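**Q** TrEMBL feature annotations, pasted as is:
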ACT_SITE  Glu25  active site, proton donor
ACT_SITE  Lys160  active site, nucleophile
BINDING   Lys87, Val107, Ser141, Ala142, Asp143  substrate binding site
BINDING   Asp139  Mn(2+) binding site
Amino acid sequence: MTTALNLHEEVASALRDGHPVVALESTILSHGLPAGRNLDVARRLEGVVRDGGAVPATIAVLDGRVVVGLSPAELERVCAPDAGLDKLSLRDLGPAVGLGRSGATTVASTSALAAAAGIGMFATGGLGGVHVGAAQSWDVSADLGVLAKVPTVVVCSGVKSVLDIPATLEVLETNSVPVLGYRTGDFPAFYLRSSGHQVGWRVDDPKQAAAVIDAHRAYADSGVLLANPIPEASEMDKELHDRLLAEGLALVEAQGVHGADVTPVLLEHFHTASGGVSIDANEALVLNNAKLATEVAVALA
Ligand code: PSU
Ligand code: MN
């Protein structure tokens, strides 16, 4: 697999020297945030990682090349309004590379590529999960199955409340993925600090998180979910959130949206209907996750 990865020189040398590296995904940039805002967030994410003493490695597929650690020009390309990138889950990597295509990587593909590159830590916004109505549609994000198989630590703010959260937690359990609440016993729900569902374990500082991750790796090959709630000051108003969610789900239903398009369409509705409030929330939580991932990566190194 190594020959199939193109590591940025800075990332390669950090890995050689045992310096902490934090992986970042590109789907959140190309499909999760509006163009015009995404590049700024992308740069700030990398800045947070650097300020914390680690090397950022944003991952994407460009012209059939898997790139681990984008150059500034490549980051601009991924965030361009006319980038036209496909959303690439792990199943899509072979086709995209084989056909010389370009695309953004999801949590599933970013986790797998990070692991293949030797990067253990990955920060993002929200994990994919079990969709409402999955008993009929079978729509369960590959993010969950991939974390069963790759030892990547994913730092995120839980999953969005557009998903079936208890079912998502069950599938994580089935896949032997420990879910750690960071300074909370509640599983976060992305825009909201609590989903009302409990996590299995709680850690209260980066050292504790590192100790748990280190121990987990001795017994299992699965990933770890470190669930970090959105900062209090940026949490969305619950009523606004619930209204947008109901509207968004109705929209998806009315337009017959399904599969990989569901998450981007729902996010877009939140962003436009909230007048940008959800974009600010999204940015705040993902920056906070990059900061925590860096602290834990430094503690592990
Ligand atoms: N959740 C968000 N924003 C996102 C995503 C999830 O709040 O951008 C993206 C991530 O890349 C995640 C993917 O891996 O959506 C899950 O998509 P699906 O449900 O189609 O597997
Ligand atoms: Mn899906």
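Quick reminder: no glycine exception, Cβ is built from N, Cα and C everywhere.
Situate these features within the shown structure.
**A** The Cβ of Glu25 (active site, proton donor) lies under 8 Å from the Cβ of Thr58, Ile59, Ala104, Thr105, Thr106, Val107, Thr110, Phe122, Thr124, each of which sits 6+ residues away along the same chain.
Packing around Lys160 (active site, nucleophile) is summarised by its Cβ count: 25 other Cβ atoms lie within 10 angstroms of its Cβ, all protein chains included. Taken residue by residue with DSSP, Lys160 (active site, nucleophile) is part of neither helix nor strand, so it is coil.
Sequence-distant contacts (6 or more apart, same chain, Cβ under 8 Å) of Asp143 (substrate binding site) comprise Thr106, Val107, Ala108, Ser111, Leu127, Gly128, Gly129.
When secondary structure is read from DSSP and collapsed to three states, Asp139 (Mn(2+) binding site) falls in the coil class. For Asp139 (Mn(2+) binding site), the same-chain residues that are 6 or more apart in sequence and have a Cβ closer than 8 Å to its Cβ are Val130, His131, Gly133, His258, Gly259, Val262.
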**Q** Within 8 Å of the Cβ centre of Lys87, Val107, Ser141, Ala142, Asp143, which other residues of the chain have their Cβ, at the recorded substrate site?
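**A** Once Lys87, Val107, Ser141, Ala142, Asp143 are set aside, the remaining close residues are Ser89, Leu90, Thr106, Ala108, Ser109, Leu127, Gly128, Val146.
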**Q** Let me know how many other Cβ atoms fall within 10 Å of the Cβ of Val107 (substrate binding site).
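**A** 28, counting other Cβ atoms within 10 Å of Val107 (substrate binding site).
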**Q** Helix, strand or coil: which one is Glu25 (active site, proton donor) in, per DSSP?
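**A** The residue in question, Glu25 (active site, proton donor), is coil (DSSP, three-state).
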